[in-house]
Amino acid sequence: LSFLECSWRFCGRFKALWMKAALPDFKIRELTENPIGGRIIAAFFPPEKERLDFPSFVRILAHFRPIGKNRSRDRAQPEQANSRTGKLKFAFELYDQDRDGKISREELLQVLRAMLGLQVTEEQLRSIAERAIQEADLDGDGAISFDEFKKSLEKVDMEHKMNIRFLK
Amino acid sequence: MGLHRHAGLWLLVSAMLLCCVSPLKAELKNSQHDSHSNSNITGISIVSFKWEHVKAPYIVAVWVLVCFLCKLVIEANHHVTSIIPESALLICAGFILGGIIWGADHQQTFSLTPVVFFYYLLPPIIVDSGYHMPNKLFFSNLGAILVHAIIGTCWNAATLGLSLWGCQKGGAMGDLDIGLLQYLLFGSLIAAVDPVAVLAVFEQVHVNDVLFILVFGESLLNDGVTVVLFNVFDAFVTLGGAQIDAVEIIKGIISFFVVAFGGSLLGMVFGILMCFLTRCTKNIEIIEPGFIFVVGYLSYLTAEMLSLSAILSCVFCGVCCQKYINANMNENSVKTVKYVMKVLANGSETMIFVFLGISAIDKTIWVWNTGFILLTLLFIFVYRFIGVFLLTWPLNRYRLVPLEFIDQLIMGFGGLRGAVAYGLAVMMDEKKIKEKNLMVSTTLIVVFFTVIIQGILMKPVVTWLKVKRATLHDLTLIEKVQNRVFEHMLVAVEDISGQIGHNYFRDKWKNFEEKWMMWMLMKPSARKTQDHVFSVFHQLNLKDAVEYVTEGERSGSLEFIRNDSVLIDFKKKLGDDMLEAMPDVTADTSEDPPPPLVPGGVTNPVPSVSLEMHEQTMNGLREMEDLNSHHLLQEHLYKGRKQHRHRFSRNHLSINTDEDEVQEIFQRTMRKRLESFKSAKMGMALPKTISKHTKKEQQKTPNGKNRISVDEGFNMTSATLGSHGNTPSLPVSVAGGIENPAFMADLDPVVPLQIPPWLAEAELDSGGVAPSQRAQARPPLTAGDLRRLAPLRISTQSTDSFMMADIPDAEHNQHHYCAALHT
């Protein structure tokens, strides 16, 4: 796994962190202030598991690597974690907590509430959620599937949005 | 095609010019004699020619007019302007005008003097660019911009000066004898990329945002370096070579920091001053824009006075204040500022280029030295490219998204020199620098070369190299939400990994800003509506509302627009709070294209629930819709002159604010609606009144939230439905179909069949739900509420899609809009 090679550089720091992360009550102060902190932590843990091992940790972090240009494509690998699709998948899963492959209105509403809740009323949040779904929902099922999600964000410049410099 | 027509215009212009010039000349000669001619009046003159009195302003005004006329003529033919950039054509126009004047006067009476340029023509452009600077983009790329501005300019200056000096030594320039210091001085003034030229040329090319901000930011920030270098070398030249020692050089370096940072800080101080001013100008909204211009100009002049970098000061003034003043100011003021700044900036730019052209037609300044000129051109070009490549290579290692080779090429190619270099050249002292004229001529040639030739070539080169262009796309909520999620995500990951990165700082700044800056600098009402996602939502609502209204208008259903008597000012009704909130939100257009300025929240038309009720509800509904649509239009669309009852007062431009009328009309309509619904067979009267009362109560209770008309709209419709605040989807789409007579001639027969089940539930729920919902100001729904909501939701969901399928395609727009407005 190529991204592991890069991460060995930060091995020490990461190891300390993933030990913390492996504990179920993972708490970093700033993360508690972060509206979606809980979800991100949850995203690190593979489903149904309480502990996190190092490769999984790195695998998640690999989503944030800048998209490499001349990476030799390993045909066997379906898609790289730090490819555009991989990043979008990660973001999608932040919303889709029940892992049914769709972002329902409630899920979107929860995220919105977490991020905006203090300034906006409930009705407005609902409107926003409804409208957001309206915009993205192409097949009219009232929820956003991964493809619709991808399509709605096709103009967003992922390179700027989901990269952490030190992971280069 | 238009050229023949406009040839006449040209002749007229030149004739006018000659007329102005000749009396001017005559007056110049005879001014001394004529001034006392009034003492021997032989009789009363009915009309007299008072040229002396108006000479100076008249000339200025005529010149401005002439420049604008040139622009008019040039822009008449788009075919030409798409090939040759407008700035090049303006320079050519300047040549022609200069030729005319030269022919008339045999001397160049009008030329671009440094005073006029630096104090009157340049500031508007810089203030405008500072105010409209895309902050986020600017600060993300600030590192690259600074590196290019500082190191790049120094590199350009040094290499150019040294190379030219070397060439002189090598004899390539004939008999020229200029000292090294003078070469360095010349290098420093010609090294700087010029913001005016960059703006003029890049504006039609539309390269991608990052590339543009890099070149443009560099052109603005390098003023700090240019000013310092110019002054330092000027001082060195005066001192003479012998007295330059380490101390002086160190002083030079220190002066750079002082000038650059001092200028920026001064700009920020003025920016903050501006924010405070706009915070307090609630009562004098009519001259709010004036503050912006005056303070911006003062920042420029103050920096100039303190020998700091004036351009930096202006830029940072604009950059710091834009967010807050846009939030604080009345919406009309924001628009005014935007447009007046554009007018001033554009006008100044036009005049600068025309005068550059005119100044060139002057025999006295031209000294030709082929070697010097050609070598300068060559070196400028080559060293620019080398400099860009050299600097971008280490930069790319630290950038998230490296700059591609093609982008770097365009950056190098975009190193345009302009009027600033010319202004500095003319400012040189002839006594100290013998070869001033040579330098001025060379500067002019360089400027013309870059603006005209590089300007013409820019578009083809960009197309040929397939540079990424700027993408303009519609706002979508999901994108905005997702952007926000990304931001939080990045901050979280940075926290997890313990790294302090870019996003960490940005997050910290945001928190700081929210806690302190907004509290200090923004009006309390403006603070509430700062959320970006919400503002996008609001803008999208507005867009929908406008579409709805225009659709209706086209089919003639909103006939009240032509009826002047229905003037409803909802100010009193909705409360000042909301109205302040509304314009402020629309004013926050920092990142998005300006929205159509109509306040959002057109109510969902209330559904009609039975065939018999249809007629009555139609009227009541239409009235309600009319009121709301009219409110939209009244607020922000262009009002017919009849509706403005101007009181002739310089301080107060009041539009119809007749509160009694408002109250009366409102009550009349509400009463009418109540009656129409009381007679409804579904017996929804009871819940309605409950919610109506609670709605009124809620209006009175000061909740800290902004009940913007979006909410009001929902409240009102819900009032008639008796359900809670979230209007179920079904009635909306149905009503959408029924409501607009233009789209649906007859009632959809399927409608009544679908309604009963849902409404039955609504009836059940409404009694319980309505008051409790009303009473809750803002906390999220409790589990109990959710449970109560659930059945409501599901039923409406299912019928909703059914209904959507039924509504004819013709009103697809309508239905989208309606659907979008349900919660």
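Cβ from N, Cα, C; glycine included.
Keep in mind it's a predicted model, so treat the numbers as computed, not measured.
The region 'Disordered' annotation in TrEMBL falls on one of the ranges B:608-633, B:764-789, B:790-815, namely B:764-789. Sequence-distant contacts of the transmembrane segment (B:139-160) (same chain, at least 6 residues past either end, Cβ-Cβ under 8 Å): 183-184, 186-188, 190-193, 210, 213-214, 217-218, 220-222, 224-226, 229, 376, 379-380, 383-384, 386-388, 390-392, 395, 398-399, 403, 411, 502. The recorded stretches the transmembrane segment (B:372-393) and the transmembrane segment (B:405-426) share 3+ CB pairs below 8 A when only pairs 6 or more apart in sequence are counted, and are therefore in contact. In this chain, the transmembrane segment (B:209-233) lies in contact with the transmembrane segment (B:290-319); the count of Cβ pairs under 8 Å, excluding pairs fewer than 6 apart in sequence, is at least 3. In this chain, the transmembrane segment (B:209-233) lies close to the transmembrane segment (B:405-426): three or more C-beta pairs between them fall below 8 angstroms, excluding pairs fewer than 6 positions apart. If you look at the transmembrane segment (B:110-127), the same-chain residues 6 or more away from its ends with a CB under 8 A from one of its CBs are 63, 101, 195-196, 199, 220, 293, 296-297, 300-301, 304, 310-311, 314-315, 317-318, 341, 344-345, 347-349, 351-352, 355-356, 358-359, 362, 419-420, 422-424, 426-427. Long-range neighbours of the transmembrane segment (B:438-457) within the same chain, counting only residues 6 or more positions beyond its ends whose Cβ lies under 8 Å from a Cβ of the stretch, are 83-85, 87-88, 91-92, 176, 186, 189-190, 197, 200-201, 353, 356, 359-360, 365-369, 372-373, 376-377, 380, 413, 415-419, 421-422, 425-426, 428.
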